[in-house]
Amino acid sequence: MVSLLDFNGNMSQVTGETTLLYKEIARNVEKTKKIKIIDFGIGQPDLPTFKRIRDAAKEALDQGFTFYTSAFGIDELREKIAQYLNTRYGTDVKKEEVIVTPGAKPALFLVFILYINPSDEVILPDPSFYSYAEVVKLLGGKPIYANLKWSREEGFSIDVDDLQSKISKRTKMIVFNNPHNPTGTLFSPNDVKKIVDISRDNKIILLSDEIYDNFVYEGKMRSTLEDSDWRDFLIYVNGFSKTFSMTGWRLGYIVAKREIIQKMGILAANVYTAPTSFVQKAAVKAFDTFDEVNQMVSLFKKRRDVMYDELTKVKGVEVSKPNGAFYMFPNVSKILKTSGFDVKSLAIKLIEEKGVVTIPGEVFPLNIGKEFLRLSFAVNEEVIKEGIQKIREFAEQMMNSR
């Protein structure tokens, strides 16, 4: 007899999207305590999708572009993606080396399905975006964590010695994310070169997630695609959600050599058939909206500066100014030590008492995040100031509690 609850055995290791847990707590607090909620947990731009993109989607719908496309995506969009990457990074991507997916998460899922066998090891940064590890575990693989180094002065950087020490005969893949979620780090060109060299020299697949590549405030964004022999080791993932404020539209893409993309197409056809047709047409137009993108990034830089300045005034908090993405990752170890809370309990207490949503760093496994909170500055400046003032009051209360 088979039960409907007789799930794949690997599901026992997989957790839900745990950032949503804190949003649910906030909803309950708002309902029961009538407290105003300030949400620093959100991982998406707060601006509406740019008008020209919306108009292109409407036009595609009006023209009846509502049927299945190729599993690889429409040629017009694949060509646009290749042209954009080649112009920006001086690389040589061909249209046939691009597959369009219904979001960057499905892109990551396709990559992991294609490569990960039971007992394969995948090296992830600690901390890192939680979905990487969950999908690896679902497929029977084993996440192995390589620590990032942190100092208040320098922020986060690659710990090459720790990374190399984690490589074994079972290592199948290294996952790299730049700019980085949850820390907001834009890794230096030298750090990117180190990752590329380690992958190439050890003949390990490099999966590079560069979804935040346009959210750069200082420094140079070096893409892994800039390496001349990228086809020998690289699987590149990106998408439209962050750059063009299209999170709900669900569109991403993978770049890899042609033989790999052909295999991806077989998987895609069996998993979801094809990306949404009219959304692809809208995405073609997205490449004409970089004036709007640049305005958004300038706005986010101002917000970052406001949040950083306000956080430096908070007792018990140490924070580095991030150069990329739209996250701040302050160290709250002094507050934890004084209050006796762990970081998850602290985040919940902050919601319950002040209505401020942050994401505890422990959500971004494994160990480094246990002393950090993630805050998004994808909200307006007044909300940032109000929210950080509440955190300041809360921190003083916690620091004086013992």
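Even glycines carry a Cβ here, placed using N, Cα and C.
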Practice task
Based on what Swiss-Prot says, identify which of K315, K385, K390 is the N6-methyllysine one.
Solution key: K385
Handout entry: Of R304, R374, residue recorded by Swiss-Prot at the L-aspartate site of G43, N181
Key = R374
Practice task
Could you check Swiss-Prot and say which of K203, K349, K354 is marked as N6-methyllysine?
Solution key: K203
Fill in the blank from the handout: Listed in sequence order, the modified residues within 10 angstroms (C-alpha to C-alpha) of G43 (L-aspartate binding site) out of K203, K242, K385 are K242
Fill in the blank from the handout: Using a 10 Å radius on the Cβ of N181 (L-aspartate binding site), the other Cβ atoms enclosed count 26
Fill in the blank from the handout: The correct three-state DSSP answer for G43 (L-aspartate binding site) is coil
Exercise for the section: Rounding to the nearest whole angstrom, report the longest C-alpha distance spanning G43, N181, R374, listed for L-aspartate. Expected result: 10
Completion exercise
K242 (N6-(pyridoxal phosphate)lysine), Cβ-centred 10 Å count of other Cβ atoms over all protein chains shown, is 25
Fill in the blank from the handout: One finds that other Cβ atoms within 10 Å of the Cβ of R374 (L-aspartate binding site) number exactly 25
Handout entry: Secondary structure of K385 (N6-methyllysine) (DSSP, helix/strand/coil)
Key = helix
